[in-house]
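The signal peptide annotation in Swiss-Prot covers 1-19. Taken from Swiss-Prot, the feature region 'Disordered' covers 123-149, 283-354, 458-482. Taken from Swiss-Prot, the feature region 'Phospholipase A2-like' applies to 150-291. Here Swiss-Prot flags C159-C181, C180-C220, C187-C213, C211-C244 as disulfide bond. According to Swiss-Prot, the N-linked glycosylation site annotation covers N167, N280, N325, N396, N439. The feature active site is assigned by Swiss-Prot to H184, D214. Residues or ranges marked as compositional bias 'Low complexity' in Swiss-Prot: 284-296. Per Swiss-Prot, the feature compositional bias 'Basic residues' maps to 302-322. Look at Swiss-Prot and you will find 463-473 tagged as compositional bias 'Basic and acidic residues'.
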Amino acid sequence: MGVQAGLFGMLGFLGVALGGSPALRWYRTSCHLTKAVPGNPLGYLSFLAKDAQGLALIHARWDAHRRLQSCSWEDEPELTAAYGALCAHETAWGSFIHTPGPELQRALATLQSQWEACRALEESPAGARKKRAAGQSGVPGGGHQREKRGWTMPGTLWCGVGDSAGNSSELGVFQGPDLCCREHDRCPQNISPLQYNYGIRNYRFHTISHCDCDTRFQQCLQNQHDSISDIVGVAFFNVLEIPCFVLEEQEACVAWYWWGGCRMYGTVPLARLQPRTFYNASWSSRATSPTPSSRSPAPPKPRQKQHLRKGPPHQKGSKRPSKANTTALQDPMVSPRLDVAPTGLQGPQGGLKPQGARWVCRSFRRHLDQCEHQIGPREIEFQLLNSAQEPLFHCNCTRRLARFLRLHSPPEVTNMLWELLGTTCFKLAPPLDCVEGKNCSRDPRAIRVSARHLRRLQQRRHQLQDKGTDERQPWPSEPLRGPMSFYNQCLQLTQAARRPDRQQKSWSQ
């Protein structure tokens, strides 16, 4: 499991040769990504190089005294293609330098001339960790395939498919992003590719993790302030658009009868997917103006739909950075968790906000209108006649709704819907013993029962009425009883609450 598994999920099981050529002779470079370090405007450099053998991805790092510290060469086609796709992606296009200026050209020439010495340093005892991870022999310049399957981002041991670390404490040359990847791989709440967990199946080719883990991963990468971390972050969050999930405690069946009925109920954590968060790379700030009048980001809104967005509007129209400017501005702040339940349903004047009203009404649709087992008014289902004018629901559905109402405290305007529920629901029981040859049904039969959770709802409604907290709630001009769904009835009530000038009627009347 690795944070870049989705980006190269189609790689299959392949080995990657680390080490590279003893001599470096390229005739064209592209997609240059630079990052400054204290004392050196060119501390990190990543780019694509074209030589007689083909295309390769090269990483290099210098210290504050402009001494070359590490370098790596990767010519795996899938990896170079992924880096090229990131370079061409609309959210990162303006962050790459496509035509190097004089300063960058001098750095490229220096790197080319010092390549053999850099590779020798990588093979020295100081680079033993990387050597062990690559599974290389002691022969200098001899590249052998790693013992473990998959590939890793050059200079790391954990950022890739699987890992190539000898033990859990090992880190690669780029220790900062490698540490972030290692901690993200250890997220305790995750769903592996094509696996089922927390009530959902992951049909993707990459692991999805809890939103808390993704948030910590994003913060960790941004705190590194280097180009390698930003490549990992932009690819994982922006290009792949990998979602995350939050866990919600819900009541569900934990033991079943052989005939399909529920034998025991319990509270279990169920996953709810959240749209991916956008990674604000430190290099992207070069495309923005540092003036004080820059736009401030809008506060995050509660997520209501599980859809993926292509990127925030402020990324559109970003200008290509100056070739001479290699210093990144201050990193943007990481957005907080987005798995916050909608709050503040009441408006400033006590009215219901439209967004909160829709959120409340959707709970009635999810738990009642879409209830799998229900008996319509004056209909017979599961060998039971519902003589009432309102639908009769399975106790599982009403129990989940009651728990939702108890936890989220919806506005009093929806209390009328509780009255329509009544205090009874039904459970499914196995069929009665049927004598062979008799014409009797072998289907489950419904048994109407008095539900304690519904009685508590009614008690709460009466308490609110006695306190007078709902006397100002409007009553729609048309009666709610009829074939209208609970969702539509809820919308009708909340719309009336937002228009106090309409005809109103107190519950106490």
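Glycine residues also receive a Cβ, built from the backbone N, Cα and C atoms like all the rest.
Shown on the structure are the features that Swiss-Prot records.
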| residue | record | Cβ within 10 Å |
| --- | --- | --- |
| C159 | disulfide bond | 30 |
| C180 | disulfide bond | 26 |
| H184 | active site | 25 |
| C187 | disulfide bond | 19 |
| C213 | disulfide bond | 19 |
| D214 | active site | 25 |
| C220 | disulfide bond | 20 |
| C244 | disulfide bond | 26 |
| N280 | N-linked glycosylation site | 24 |
| N396 | N-linked glycosylation site | 20 |
Which has the fewest other CB atoms in a 10 Å radius around its CB: C181, C211, the listed disulfide-bonded residues? C211
Give the distance between the Cα atoms of D214 (active site) and C187 (disulfide bond), rounded to the nearest whole Å. 9
Out of C159, C181, H184, C244, N280, N396, give those recorded positions positioned within 10 angstroms of C213 (disulfide bond), comparing C-alpha atoms, in sequence order. H184, C244
Helix, strand or coil for C244 (disulfide bond)? Use DSSP. strand
Spatially closest candidate among C159, C181, C220, the listed disulfide-bonded residues, to N280 (N-linked glycosylation site) (Cα to Cα): C220
Compare the Cα of C220 (disulfide bond) against each of the recorded positions H184, C187, C211, N396 and report the nearest. H184
Have a look at the disulfide-bonded residues C187, C211, C244 and say which one has the shortest Cα distance to C180 (disulfide bond). C187
